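> Below are the features listed in Swiss-Prot for this protein:
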- ASP32, LYS33, GLU34, TYR35, ASP36, SER80, LEU81, ARG144, GLU178, LYS314: NAD(+) binding site (BINDING)
- LYS122: active site, N6-AMP-lysine intermediate (ACT_SITE)
- CYS407, CYS410, CYS423, CYS429: Zn(2+) binding site (BINDING)
- 587-664: domain 'BRCT' (DOMAIN)
Amino acid sequence: MDNKLEKMKELVEELNQYAYEYYVLDNPSISDKEYDLKYDELVILEKKTEVTLPYSPTQRVGDKILGEFSKYTHKGRLWSLDKAQNMEQLIEWHNRNLKVIEQYNSMSEDKLPELRYIVTKKFDGLTVNCTYDENGILIKSATRGTGIIGEDITAQIKTIKTVPLKIKNNHIIEVHGEAIMTKTAFEEYNKAAQVPLKNLRNGAAGALRNLDIKETARRNLSAFFYDVGYNEGSEFKNYREMMNFIRNMGLPQDKYIKECTNMEEVEKEIEYIESIREELDYDIDGAVIVVDDIKTREILGYTIKFPKWAIAYKFEAKEITTRLLDVEWNVGRSGRVTPTALLEPVELGGVTVKRATLNNMDDIKRKNVKLGAKVLVRRSNDVIPEIMGVAEESLEESKEIQAPDRCPYCNSHLVQNGVHYYCENTLSCKPQMVKSIVHFASREAMNIAGFSEKTAEQLFEKLDIKSIADLYKIKKEELLTLEKFKDKKSQNLINAIQNSKNCDLASFIYALGIPNVGKKTANDLVMKFKTLESIKNTTIEQLVEVPDVGEIVAKSIYDFFEDEKIISNIEELLNLGVKPYYEEERIDENPFMDKTIVVTGSLNNYSRGEIKDKLQSLGAKVSSSVSKNTDYVLVGEKPGSKYEKAIELGVKVINEEEFSNKIK
């Protein structure tokens with residue numbers, strides 16, 4: 001038995017190496033026939049021993065249908081990227097980076113290096129996260145999902161022959177990549193498919209979101225990896241070092257990786273990538289530009305959605321012509337009435353387009369858009385398509401688009417304000433009230449569990465809810481009269497509404513629906529002004545001092561709290577028991593408060609993310625590099641060069657046991 005197991009291990013190692021040479025390096029060292037003979041020998045041994053190694057190439061064969069997708073919590077967050085539509089926006093991003101670095105260097109002896117960027121292609125596929133354990137074995141693969149929680153697609157990823165099932169690494173890591181379908185694989189699949197695929201991206205996404213693993217395998221996906229999102233091993237100094245690590249682990253990586261020292265070089269590389277776009281065997285939709293130095297990334301930081309040290313440059317979208325059939329007028333949460341174009345269905349960028357934005361009547365007139373005309377439609381950055389203009393020859397049989405004078409929902413007279421039309425019937429205009437209630441109850445706002453748009457519609461139509469404050473007056477017996485509301489569901493909603501009364505101030509500010517104020521801005525307002533009363537009474541001059549708040553947003557906030565109806569509504573909420581609170585985090589006195597600490601090596605009781613959170617909760621600043629300004633270096637097993645640097649500089653070194661004793 002032992003001899004057979006040893007032979008199996010030998011065959012698995014050989015076959016995985018041959019697969020890497022064939023699929024990743026495109027440089028096979030043996031013939032297909034030799035490979036097949038070794039593969040068949042492995043299959044026979046696995047049947048005889050009833051043992052299959054977790055990284056055996058036989059595990060790539062899709063021969064099962066899964067019941068459902070389970071959730072997976074990523075160890076490290078998968079961030080989205082901010083987008084630049086043109087070089088002006090890209091240069092603005094670059095200038096913001098320069099400003100932060102200059103400010104940091106002027107205040108710190110530990111200077112940041114000159115700004116360098118790495119430019120890569122932006123693949124148009126599906127983002128995936130692969131987790132390898134301390135033995136180097138692929139143990140989990142997942143979709144991006146929310147960035148924090150994704151769906152387990154381990155079985156699907158194992159069908160991708162370029163993704164190694166085992167790597168030579170002895171620490172837990174998560175690597176991020178893009179699963180793609182090549183044009184070659186797309187054409188081969190469609191030759192035999194009963195229902196042909198429409199585009200490469202849907203081909204890849206559909207394969208990974210398919211519970212039939214055989215179907216996933218048939219699509220013959222590929223992948224490129226470009227980021228280490230979680231790492232319990234030695235830290236990287238820069239992105240080039242990270243990319244070298246990814247390549248040395250045998251993970252497939254695109255060969256195009258360019259280092260740039262200025263924006264002229266970045267622009268040149270973007271132009272080059274766009275010039276070869278059509279020649280590639282896979283789809284790309286732009287370029288990704290990231291800061292090379294890891295410490296600089298830490299200083300630049302993050303927004304709620306994006307890292308500030310990376311940006312995607314999106315290529316100009318493709319355009320297509322179709323016919324405008326009609327215009328639909330919709331009412332938003334603010335009462336603004338906006339036109340939406342109803343189009344003759346057409347394929348654009350892999351999506352069937354039936355609707356497009358028209359913005360407002362001024363936009364319609366400026367573009368000379370008319371009913372029945374052929375219009376030029378552009379779809380860009382996964383947002384709703386936009387009408388860019390009309391085909392002049394189609395205007396002869398077209399009709400003018402008439403601006404509405406009454407609300408399409410409540411029939412109230414509309415009021416024009418600038419280029420927009422508004423319905424001022426805030427109390428009985430259904431879409432306004434319903435959308436306001438849904439926003440107020442949403443998870444990031446008051447977090448009223450079990451609340452849906454259908455519920456909001458019933459509250460408006462059946463219970464005559466005319467303001468947000470009315471939510472807190474609802475009685476259980478009233479809910480029981482609504483469709484699908486039994487005793488338990490009614491009581492749960494009553495409980496959720498009551499529980500929402502104690503909410504943090506930032507969530508309450510966001511819930512109010514102030515124009516142009518998202519959750520991040522709400523958080524920033526609370527951090528700056530501390531109380532609801534202070535925010536209500538602030539001036540435009542004070543508001544523009546808040547990070548990322550310009551004059552337009554400042555005026556929106558100021559005007560919002562000048563509205564007597566809004567102030568009255570807020571006061572009613574407070575009188576009904578809503579108690580928004582703000583608590584500044586209090587940190588007890590401890591040896592690490594206000595100290596700069598560097599962590600190196602593996603700790604027994606903390607992952608890298610956990611120790612960082614723990615130190616920050618103690619009021620410490622966690623740094624990625626050792627300098628004379630470092631107060632402590634916390635050392636675990638197998639420390640890296642940071643330990644040597646600490647000894648060299650005379651920085652105090654402590655182990656995990658000493659750390660634990662100090663915080664008891």
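Glycine residues also receive a Cβ, built from the backbone N, Cα and C atoms like all the rest.
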> The record lists ASP32, LYS33, GLU34, TYR35, ASP36, SER80, LEU81, ARG144, GLU178, LYS314 as binding NAD(+). What's the largest Cα to Cα distance among them, in Å, rounded to a whole number?
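It comes out at 45 Å between the most distant Cα atoms.
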> If we check Cα distances from CYS407 (Zn(2+) binding site), which of the recorded positions ASP36, LYS122, GLU178 wins as closest?
LYS122
> Going by Cα-Cα distance, which of the recorded positions (LYS122, CYS410, CYS423, CYS429) sits nearest to GLU34 (NAD(+) binding site)?
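The answer is LYS122.
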> Going by DSSP assignments with H, G and I as helix and E and B as strand, what are the residue counts for the domain 'BRCT' (587-664)?
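Residue counts in helix, strand and coil order: 26 helix, 18 strand, 34 coil.
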> Compared by Cα position, which of the binding-site residues ASP32, ASP36, LEU81, CYS410, CYS429 is the closest one to the residue listed as 'active site, N6-AMP-lysine intermediate'?
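Closest by Cα: LEU81.
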> Which one of the binding-site residues (ASP32, GLU34) has its C-beta surrounded by the most other C-beta atoms within 10 angstroms?
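When each Cβ's neighbours within 10 Å are tallied, GLU34 tops the list.
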> When you measure from the Cβ of ASP36 (NAD(+) binding site), which residues in the chain that are at least 6 apart have a Cβ under 8 Å away?
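Spatial neighbours, sequence-distant, of ASP36 (NAD(+) binding site): none.
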> Between CYS429 (Zn(2+) binding site) and LEU81 (NAD(+) binding site), what is the CA-CA distance rounded to a whole number of Å?
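Distance between the two Cα atoms comes out at 37 Å.
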> Compute the C-alpha separation of LEU81 (NAD(+) binding site) from CYS410 (Zn(2+) binding site), stating it in Å without decimals.
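Cα-Cα, rounded: 40 Å.
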> When a 10 Å sphere is centred on the Cβ of LEU81 (NAD(+) binding site), how many other Cβ atoms does it contain?
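So the number of other Cβ atoms within 10 Å of LEU81 (NAD(+) binding site) is 18.
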